Each structure stands twice: as structure tokens, then as C-alpha cells.
Amino acid sequence: MGVLKFKHIFFGSAVELSGVFQIVFIFLLIPCCLTANFRAPPVIPNVPFLWAWNAPTEFCLGKSGEPLDMSLFSLFGSPRKNKTGQGITIFYVDRLGYYPYIDPHTGAIVHGRIPQLGPLQQHLTKLRQEILYYMPKDNVGLAVIDWEEWLPTWLRNWKPKDIYRIKSIELVKSQHPQYNHSYATEKAKRDFEKAGKDFMEETLKLGRLLRPNHLWGYYLFPDCYNHHYDKPNLYKGSCFDIEKKRNDDLSWLWKESTALFPSVYLTSRARSATALSKLYVVRNRVHEAIRVSKIPDDKSPLPNFVYTRLVFTDQIFQFLSHHDLVYTIGEIVALGASGIVVWGSQSLARSMKSCLHLDNYMKTILNPYLINVTLAAKMCNQVLCQEQGVCTRKNWNPNDYLHLNPGNFAIQLGSNGTYKVDGKPTLTDLEQFSKNFQCSCYTNLNCKERTDMNNVRTVNVCAVENVCIDTNVGPQAVTYAPKEKKDVAHILSNTTSINSSTTMSLPFPRKHVSGCLLVLCMYSQYLNICYRLVAIGIQHGYYLK
């Protein structure tokens, strides 16, 4: 970390701050200098966090012969090719225009093989027809383009995608045999990236033109390629600077997108990895997506809908545990994403037995947890933001979650298949929200964060109809004894004990720090507080090394 110099005109000398003292000093004195941390407004009114279901389970029946309980989900869409007019439409390579690629299994050339040889104008003509077919009405929904065969950034096409680099270089050499390999490679890179950009950019433009009420974006964008579960002692899941730079270079893509669809799928390596390893990977990937969402306009960020699965990608019959849900869904909610898309393959509904397993998992594990985080997030939004923004971690790296206090709440599944929430929040619960979370205002709203929780008298939030917390705020904690040990609250009681060893990052650009300090200490009526804090730092030897 570089030197932070603060020269106070009244002190007549320069003081250098560092380490813990610098962080404490900044957090105490410069909240007014921070740029407002905005989030995209809800896609659906009164649904601050969107749950979406993107799995082919429409024919599944549960134990009682009834369809799966999807009451917590606001948008639905089956990936099956014959499904149209859905809340979520996912476009694979075989159902959206003439996407050029090489079949990874057979090596067959499809629509020109590489983007430079792809029929762009024919693609757009076909694209128009298929958009109108799959989206007969322009209702509010998600339009997700899943093109994974090649990436628009040349250097990200590593094995086995390096075939696109190889074929691009071969094309240039066939057209210009006089070029040496180095020059041919450089030209191939330029040609490939331009053609890839044209295909992806023009596809988004036409989609937005024809169906403007849908939110358009590409699955897996952005990504930061932090997949190293097997090195928890060496690797903290951070996104490498080079990958952040490459994401920055895709500004044209973020400009044309109206939503981002990153992914936090876990493999079985994550199952055997430490809790922190899984947590780091998900946390950093979502944090990078939120950073990218602000590239087009930091005051009007793009919504982030994070794709997740209920199973491990390479063990499709093994559901995620309670703790895995905390490390995925819990992280996503606490970081302030716009929603989650649960994707699933046909294996979820391949037989009556698999449908029954899914039904049981949803009733006993998934849905109670979704209710828990939904109610906690809505409660925080209501008391902290007056519902004009969403609660996000004050610093993105600590292990603070939007969970109901397990000592005060219990979520019960009744014999009739409906859920009931027992308990009430206390002043201490609300103060914990205020301590660990901040209010990120919705775009174009100048919301004010409540700081005194003593003024909150009641809380009225619902996860779904008749699954609500509608009560007054209790003055002190009263331990609630759940009737059933399957209550989700007690399972969460240990999740906040995880200690993160990652370095805390300042939630604002360092270049603005010294200017903010100068302005505050010039105009603050508490100048001697500034002086005393600086003096304390000097006394205790907090100098930069």
C-alpha cells in the first residue's frame, strides 16, 4: 500500500498514516466523502431480491402428488427447446441465429467455424425470427444467451478453446502467406476479437430492440476464473488483476447488456474443500460481477442475477448441504446482487424417484433457507433503507450474513405443507443489521440510512403470502425454543463463526482519501478530534513501512 499523506493547513506539517490506524481514521471521519453505493432497482415491484427457477421440472410431482412448491420463485423457465413465452428464456447455440462454432465433441464446423467466417447478416435475420418465436409477448423477464464455445477475449480461449486461435491464425496465413507467424498471430487476434464483438454486440442490440422489457445478457459474463478450490492455504479466491483488466476491456459488452448473469456453480472439489475455500471463490466472483455492473454507469448499475445449482456439477445426484447454501446463496444476498437463478438439468426430473428427492430437499432444506434470507434481507431493507435500497455488507469481505437470529425465530413446516414463522426481532437484532450492513440506494433514489434503531416500532415483511414477520420489535432477546429440530435457524447458528483471514479492502478509491481528509478536517467542527487521532497514531507507531 502506498503512502497516504495528509497535510493539514492548520497543523503546518505532514502526517503519514498507515495500517490499522489509517483504516480506523478513515472509517470514523469520512463517511460523507464516499460516493453513494447504488444498486439496480427491483425488476418486479416489491421484490427486492428475485428468485428465479430455470430447470425442467414442470412435470415433477411431489410426495402428495402435487406439483413442486414454487411459491417463493417469481420467474420460471424450462430450458427445454419446445418451451416458449417463459419468464426466463435461455438461448443455447442451437436456438438463436447462426452462431459460428466448432462442435467440441465431433469437431464439426457449424455456421463458419470461427466468428470471422460467420454469416452475421443471416444470423440477424434468423435471430429476429427466433426471438419472436420464443418470446411471443414482451413481458418482464430474463433473456439469457448461453454461448460458451468461444470467448470474445483472445487470450481467454485456452485449451480446449485454443482451437479458435489456431484456426484464426491459419485463416490469416492462408490469406497472407507472406506474413510471419508473429504478425499473422497479431492480425488473427484483431480479426477474431472484432468479429466476436460484432456477433455478440449485434445480437444484444436486436434482442433489446425487439423485446425491451426483457433483461438481456450472456451467461457466465462476467467471470474471473478463480476456480482453485484445492489450494485454500495459498489461494483466497481473489480475482486476478489481469482478469479484472480483461473484464474492463469488455466495456462494449456491459454497455449493451441490460443484466449480468455470472455463475457460482460448485464442483465436487468444492465439496471436499474447506468452508473458507468455497466461500472465497463465490464471494470474489460475485463481488467482481457487482464491480463490473458499475462500469457503464456507477450511479445506474446493471442488475446481477447469479446462476447457481442445487447439486455439484460433476455429482448431479448430490444436493448442496445447508452450509453450502450459506456459502452460495447467503453470500450472494449479503453482497447485494439482484437475484438468483437456480438452474438444473434433466437429471433433477429424470424419474419419479428423483422428483421425490427434489421435493423433499426443497421442503426441508432449500425453501426454509430461502424464507430465512428473504425475511432477513427484507427486514434489513425496511428498517435500514426504508425500502428505498438494499442492505449490503459495509465491507464486502467479512462473514456477515442476512439471517434471522436463530435464538429468536423458528421456521416450521406444517402438516398441510405450508410454512410458519414464529418469533419476533429484538432491538439487538436490528442493531446487528446496522452494525454490519449499509444501505445501497436504488438507482435515482437519494435514500437515507436509518442509524437509530430505537425508532423502529414494528416490522412487516413477507417471504411469500402468509409467510411473514408482522410484529412489534422486542426490547430484548428472548430465546425461542423451536418445536422441531429441523428448524433452519439452529443450523445457521454456527455459520457466522467462520473467521476470514483475507485482507480487508477499503470500499472506495484510495485516490480520494487524502482529499476527503483535508476537506473534513478543514470544515469539521471537531478539528481537535482529528488532531488527537493523528497524535494517537503517531504515539503508537503506526507508520508506513
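Glycine residues also receive a Cβ, built from the backbone N, Cα and C atoms like all the rest.
Over in Swiss-Prot, the protein carries these features:
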ACT_SITE  E148  active site, proton donor
DISULFID  C60-C355  disulfide bond
DISULFID  C224-C239  disulfide bond
DISULFID  C380-C391  disulfide bond
DISULFID  C385-C439  disulfide bond
DISULFID  C441-C468  disulfide bond
CARBOHYD  N82  N-linked glycosylation site
CARBOHYD  N180  N-linked glycosylation site
CARBOHYD  N372  N-linked glycosylation site
SIGNAL    1-35  signal peptide
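Structure coloured by features recorded in Swiss-Prot.
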| residue | record | DSSP (3 states) |
| --- | --- | --- |
| C60 | disulfide bond | coil |
| E148 | active site, proton donor | coil |
| C224 | disulfide bond | coil |
| C239 | disulfide bond | coil |
| C355 | disulfide bond | helix |
| N372 | N-linked glycosylation site | helix |
| C391 | disulfide bond | strand |
| C439 | disulfide bond | strand |
| C468 | disulfide bond | strand |
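Of all the disulfide-bonded residues given, namely C224, C439, C468, the one with the smallest number of surrounding CB atoms inside 10 A is C468. The highest number of surrounding Cβ atoms within 10 Å, among the disulfide-bonded residues C60, C355, C385, C441, is found at C385.
In terms of Cα distance, the recorded positions that sit within 10 Å of C391 (disulfide bond) are C385, C439, C441, chosen from N82, E148, N372, C385, C439, C441. Cα-Cα distances to C385 (disulfide bond) place C441 within 10 Å, out of the disulfide-bonded residues C224, C355, C441. Fewest other C-beta atoms within 10 Å: among the disulfide-bonded residues C239, C391, that description fits C239.
For N180 (N-linked glycosylation site), other Cβ atoms within 10 Å of its Cβ number 8. The recorded positions shown are C60, N372, C439, C468; of these, the one with its CA atom nearest the CA of C380 (disulfide bond) is C439.
Of the glycosylation sites N82, N372, N372 has the largest number of other Cβ atoms within 10 Å of its own Cβ. Taking the Cα of N180 (N-linked glycosylation site) as the reference point, the closest of the recorded positions N82, E148, C355, N372, C439 is E148. The two recorded residues, N372 (N-linked glycosylation site) and C239 (disulfide bond), have Cα atoms 30 Å apart. Nearest neighbour of C355 (disulfide bond) by Cα distance, taken over the recorded positions N82, C439, C441: N82.
Every protein chain shown contributes to the tally, and the Cβ of E148 (active site, proton donor) ends up with 13 other Cβ atoms within 10 Å.
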